[in-house]
Amino acid sequence: MSQTQTARLMDGVGLARRIVEETSSKAAELARRVGVTPCLATVLVGEDPASVTYVRMKRARCAKAGIESRHVSLPATTTTAELVETLQSLSQDAGVHGILLQHPVGPHIDERAAFEAIAPEKDVDGVTMRSFGAMSFGLPGFASCTPGGIMRLLDEYEVDLAGQRAVVVGRSAILGKPVGMLLLARDATVTYCHSRTTDLAAIVQEADVVVAAVGRPRLVRGEDIKPGAVVIDAGYNPGNVGDVDFDTARTRARLITPVPGGVGPMTIAVLLAQTVDAASIQLGLAGR
Ligand code: NAP
């Protein structure tokens, strides 16, 4: 592809809409067959405005898709032990099929301990070590939502990953690490980059598939994108700016996700889909 060509945009909005429509039909089917409405419990600690907005958005999407949501709002002073107890009790509640702990939780809370209090069969946000292990071993389990959404986008655009060099920039437990594992499971040759990586540009230049998951505006330079590469930008920075220099990258890439409208909408779509799947499995109506 020459530098004057423009990459095809990967439309996360359209794909997410289709996933939510399918999910909504499955939820309606469950209600019709066994009289049970799938239920997602959302847990929020404190009142961070961004977190409050995210939870509100997720609950509104649940309602539109015919999924019930049960919200638990805890004060900012909640201790790790109290949060663990809440999550364990939701894990044991047969009326709850999926659990979402909005994160980050306060710095005084042991976030890992809190995540691990979520029963794996209700871990529809894919945050537990068990879910990560299942993802890494290619075993049944729930994917971390943003990585799961990225894989669905790659599949939608028929990106054959086998033998491709994939570079993941970022190694967080909920995004960079799991997306690398999912790419590896599809036989890509995966390189992780992070804040201590030296010569990021040289590594990106080798990539057939780049996944940017950092949270730094335009960190990945467009001029470093290999002509014909596939570029997935999971970053979301103030002003609707991604982690990739979109304007230049799109003149070199074959496929690229816009920000917004690429990866973002996929995250909630996967959360809803996994909640309905969790309900089906718990009700004995589906194999995972
Ligand atoms: P995070 O936990 O802050 O992790 C950021 C990662 O980037 C870390 O691994 C860090 O390396 C690495 N990094 C920082 N500076 C770097 C540099 N100069 N060069 C290379 N790597 C660098 O962030 P996150 O939760 O994974 O989120 C990443 C981005 O994705 C954010 O913009 C966030 O808003 C977005 N996001 C979007 C969605 C969605 O639904 N679209 C969902 C989740 C997150 P170290 O490990 O060495 O510190």
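Numbers run from 1 along the shown chain.
Every residue, even glycine, has its Cβ placed from backbone N, Cα and C.
For reference, TrEMBL has these:
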- Gly170, Arg171, Ser172: NADP(+) binding site (BINDING)
- 10-125: domain 'Tetrahydrofolate dehydrogenase/cyclohydrolase catalytic' (DOMAIN)
- 144-281: domain 'Tetrahydrofolate dehydrogenase/cyclohydrolase NAD(P)-binding' (DOMAIN)
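Feature annotations (TrEMBL) mapped to structure.
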| residue | record | Cβ within 10 Å |
| --- | --- | --- |
| Gly170 | NADP(+) binding site | 23 |
| Arg171 | NADP(+) binding site | 19 |
| Ser172 | NADP(+) binding site | 15 |
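DSSP assigns Ser172 (NADP(+) binding site) to coil in the three-state reduction, outside any helix or strand.
Taken as a whole, the domain 'Tetrahydrofolate dehydrogenase/cyclohydrolase catalytic' (10-125) shows an average pLDDT of 97 in this prediction. Apart from Gly170, Arg171, Ser172, the residues listed for NADP(+), the same chain places the Cβ atoms of Val168, Val169, Ala173, Leu175, Gly176, Lys177, Tyr192, His194, Ala213, Val214 within 8 Å of the centroid of those Cβ atoms. Across the domain 'Tetrahydrofolate dehydrogenase/cyclohydrolase NAD(P)-binding' (144-281), the DSSP tally of helix, strand and coil residues reads 53 helix, 24 strand, 61 coil. Helix first, then strand, then coil: DSSP counts for the domain 'Tetrahydrofolate dehydrogenase/cyclohydrolase catalytic' (10-125) stand at 61 helix, 18 strand, 37 coil.
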